[in-house]
Amino acid sequence: MPINIPKDLPAKEILEQENIFVMDEERAYSQDIRPLNIIILNLMPEKEKAETQLLRLLGNSPLQVNVTFLRPATHEPKTTSKHHLEQFYTIFPHIRHRKFDGMIITGAPVEQLPFEEVTYWDELTDIMEWTKTNVTSTLHICWGAQAGLYYHYGIPKYPLPEKCFGVFNHTVEAKNVKLLRGFDDVFRMPHSRHTDVKREDIEKVPDLTILSMSDKAGVCLVASNDGRRIFLTGHPEYDATTLKEEYERDLAKGLPIHIPESYFPNDDPSQPPLNTWRSHANLLFVNWLNYYVYQETPYEWE
């Protein structure tokens, strides 16, 4: 089934060219079924790229999904046009009265700041508190995962000696978990971050279960016991070339950066990288939508 998105959203044409099933609002409203309402708090600097990446994964399930894009009202993005934000995004005061079946909180390029120094931290904590009563399941990605673990459970983040940057192998730590249903014993996922959370901190929290680990990238996937909060430290939504673009950007800025690990063929940046994580990325999102959102959300919110 398709994702339901605004007719003029730039991602629509890209997704249609990739044979992703999308539907504009006029067609969706004529169908007599209950779609899932998913809200995406997009904190990424290149919002249009993040939109396409996430919609690509949300559109690969048998469920119809209505998507609402949310941005912080207390932060003015520098890399997304005001017109785009006004046309396709809303702010928290406009939707806080609503109920949503699922939510995604993306990463953000603020991980080296203390949480409380992020300009929109107070607003983000209001949103995360609101999810406890107004969202069936929330998927937190990268910095969003670190922020969620810190807010909900007091788990700190730690600076890494060098950036965790590349595509890494991960193992399934928890058996018979619906989120990882159909996963191989070992799967790959991109990471791009300067900070980390520690396994021992998470294991001290009875309400949390570590679902997946990586020998090199550390904790990958954590879930609350009721499935209402999922924390993902990697970036399964990334395109094949996203790490390449980040690498070239940092090189151009003169920042200390190493070649993304296990990414370029023969570690040669002149060779085009291959996407080796796409199938598990799609499976992860389908499992989340089906088992943690669709199967758990009420047909009619009270």
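Placement of Cβ uses the backbone N, Cα and C atoms for every residue, glycine included.
Keep in mind it's a predicted model, so treat the numbers as computed, not measured.
For E111, the entry in Swiss-Prot reads site 'Important for acyl-CoA specificity', with the evidence type sequence analysis. What Swiss-Prot lists as active site, acyl-thioester intermediate is C142. What Swiss-Prot lists as substrate binding site is K163, S192, R249. Annotated site 'Important for substrate specificity' per Swiss-Prot: S192, in sequence order. The active site, proton acceptor feature in Swiss-Prot is assigned to H235; the stated evidence is sequence analysis. Per Swiss-Prot, active site is recorded for E237.
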Query raised in the report: Do you know which of the recorded positions K163, H235, R249 has the most other C-beta atoms within 10 angstroms of its C-beta?
Result: H235
Query raised in the report: substrate site residues K163, S192, R249: biggest Cα-Cα distance, Å?
Result: 14
Requested in this report: Write out the long-range same-chain contacts of the residue listed as 'active site, acyl-thioester intermediate', meaning residues 6 or more apart in sequence whose Cβ is under 8 Å from its Cβ.
Outcome: T106, G107, A108, E111, S192, R193, L232, T233, G234, H235
Requested in this report: Taking only the Cα atoms, work out how far E237 (active site) lies from K163 (substrate binding site), in Å, as a whole number.
Outcome: 19
**Report entry** E111, E237 as recorded positions, winner by CB count within 10 A
**Finding:** E237
Report task. Look up R249 (substrate binding site) in the DSSP assignment and reduce it to helix, strand or coil. Result -> helix
**Report entry** For H235 (active site, proton acceptor): DSSP state (helix, strand, coil)
**Finding:** coil
Report summary line: So S192 (substrate binding site), by the Cβ count within 10 Å over all chains shown, scores 20
